[in-house]
Amino acid sequence: MNQYHDLLERILGEGTEKHDRTGTGTLSVFGHQMRFDLASGFPMLTTKKLPFRSIVHELLWFLRGETNIKYLKDNGVSIWDEWADANGDLGPVYGSQWRSWPARDGRGIDQIANVIDLIQRNPDSRRLIVSAWNPADVDRMALPPCHCLFQFYVAGGKLSCQLYQRSADVFLGVPFNIASYALLTMMVAQVTGLKPGDFVHSLGDAHLYSNHLDQARLQLSRPTRPLPTMTINPEVKDIFAFRYEDFRLENYDPHPHIKAEVAV
């Protein structure tokens with residue numbers, strides 16, 4: 001995961017101090033790209049421990065089209081608690097846009113089902129896109145989508161994915177996002193009969209919060225370890241049929257967790 005460490009070093013070395021919505025303050029760079037070959041191991045950080053269970057359940061929650069945190073709470077995941085209202089609702093966030101984008105004629109467009117169908121019918125299409133950024137709904141979301149658009153690409157029997165992330169909390173959020181979209185790429189590859197290719201992560205405003213700088217330096221002081229491998233139940237051929245038990249992370253040997261506060 002040297003790609004991620006390079007990003008930390010770039011922000012610490014050349015980042016611009018900026019004010020932000022949370023009032024915490026950041027060091028920020030604009031425009032950065034990382035590429036991960038999914039055949040070379042599952043891109044889960046080894047220089048600090050990440051919560052595999054939370055990453056998987058959040059992705060399954062997105063794919064269920066849900067926007068209430070009940071499913072997450074029922075599965076011991078608390079990463080969205082700070083943004084939910086008293087009823088656990090978040091407004092029309094990721095799951096709603098992915099699975100039921102509101103069309104002008106009143107239909108809900110299932111972008112996930114549509115993109116999988118298009119990959120199978122026309123793998124050379126340049127329209128293999130899913131967007132979570134809906135200007136008509138942004139003001140009703142508890143948190144507008146940070147990872148807001150992704151595109152698939154098929155070549156040589158392999159499926160690659162590029163994510164555009166407008167706002168990237170590099171210490172806390174980005175490691176989650178890398179693992180989540182790498183896993184999504186592997187899942188979509190399996191249900192479309194392809195092999196996983198690359199995950200490409202393109203960042204807009206990539207930042208370290210001012211209260212994460214010491215933690216980033218600590219992480220950079222740790223040597224990287226071999227990447228783990230991800231095994232997915234090969235019997236699952238429907239993207240919406242996956243369960244937590246269908247995923248097995250093997251040979252994950254990270255350094256200890258590094259605590260950092262979330263900026264809300």
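Numbering starts at 1 and runs along the chain as displayed.
Placement of Cβ uses the backbone N, Cα and C atoms for every residue, glycine included.
Taken from Swiss-Prot, the feature active site, nucleophile covers Cys146. Annotation note: Cys146 (active site, nucleophile) sits in a coil segment as assigned by DSSP.
Annotation source Swiss-Prot lists dUMP binding site at Arg21, Arg126, Arg127, Arg166, Ser167, Ala168, Asp169, Asn177, His207, Leu208, Tyr209, citing sequence analysis. Arg127 (dUMP binding site) carries neither a helix nor a strand DSSP state and counts as coil.
Taken from Swiss-Prot, the feature (6R)-5,10-methylene-5,6,7,8-tetrahydrofolate binding site applies to Asp169, Ala263, supported by sequence analysis. The number of other Cβ atoms within 10 Å of the Cβ belonging to Ala263 ((6R)-5,10-methylene-5,6,7,8-tetrahydrofolate binding site), over all protein chains shown, comes to 20.
Over all protein chains present, the Cβ of Tyr209 (dUMP binding site) has 23 other Cβ atoms lying within 10 Å. Annotation for the binding-site residues Arg127, His207: lowest Cβ count within 10 Å of the residue's own Cβ, Arg127. Ser167 (dUMP binding site) sits 5 Å from Cys146 (active site, nucleophile), taking the CA atoms of both as reference points. For the pair Asp169 (dUMP binding site) and Ala263 ((6R)-5,10-methylene-5,6,7,8-tetrahydrofolate binding site), the C-alpha distance works out to 9 angstrom. Ala263 ((6R)-5,10-methylene-5,6,7,8-tetrahydrofolate binding site) sits 8 Å from Tyr209 (dUMP binding site), counting Cα to Cα.
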